[in-house]
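A short worksheet on the structure shown next.
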C-alpha cells in the first residue's frame, strides 16, 4: 500500500534565514558599488642632482591621495609626504645621511578620506637607488681664469651638495674625492677647433698662443661610473687678450691726461698766487 504524499508546509525559520542572507548580500553589493576605486601609482622615477633627490610618479590623483615610504635595503620603512595630492616627494633628508647606501621607496594609495581608512593600502615599489653611483652631476662653475703670455689658468669651483658632515654642507670634491675629475674644452676665439685637458684637481694650467684670445668650458666627470658619468658643460667663458691690452693702454693714457691736467691747474694757481704777492710788495706804502 502506497504511503500518501502530503503537501509540504513552508518552514518559517528557513524563510527568515534566506531573507536575512539575501539582504546581507544585497548590502555588500550596494556598499561595494558605492566605494571609490583607488588608483595605484606607476612610473616611479628617481630625480637626483648633486644629491638633491626627489621621487616622482603618476598619475595625478582624483579621488585618492598618496603616502610615500622609504627604506635602506633590509631596513625599516619610514613614511614621508603623508596623504598628499602631489606626485612627487623630496627624499633628500633621508638619503644624505648615507649616500653609499641603496634605498627603496614605495607609493601607497589611499581613498580621499584616508584618515578613516583601515586595512592594507595598495602600493607600488620604486627601482632601487644608490645616490653615490646614480645622482647626476650638476652644472660646474668656472671660478676664475687668467691668461698671461703663453699660459692660461682656469680654476673650477666645486658645487655644494646637501650632504652634511659635522653640520657643514659638503662639496662634490668632499664627497667623491679623487673620483671626481674635470675636463676642460678650449679653443681659439677665432676658430672652432676644440682641444681638451683633464685634471683630478680644480685647476688647469695650459699652454696657449701668446696674443690670442681663447674660449673654454668645463665638465665634471666620474670615470668609475657606468652611467651618469658626466655633467652638462659649464657656461662658456672667453679671454680677451687684445682687448685687455687695449683697455690697459687706454687706462694708462687717461691717467696720464688726468695727472697732467691736475699738475697744470696746480702750477697755474701757484703762479697766480705768486704774481699777486709780488704786486703787493712792489706797490708804494700809503701815507700816514
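Residue positions begin at 1 at the first shown residue.
Glycine too: its Cβ is placed from the backbone N, Cα and C atoms.
Predicted, not measured: the structure shown is a model, and the values here were computed from it.
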Feature transmembrane segment in TrEMBL, mapped to one of the ranges 221-244, 245-268: 245-268
When distances run from the Cα of residue 270 (S-palmitoyl cysteine) to each of the disulfide-bonded residues 89, 215, 238, the nearest one: 238
Candidates 81, 89, 215, 238, 270: member of the recorded positions with the richest Cβ shell (10 Å): 89
Cα distance (Å, whole number) from residue 238 (disulfide bond) to residue 81 (disulfide bond): 46
Inter-residue C-alpha distance, residue 215 (disulfide bond) and residue 89 (disulfide bond) (nearest angstrom): 40
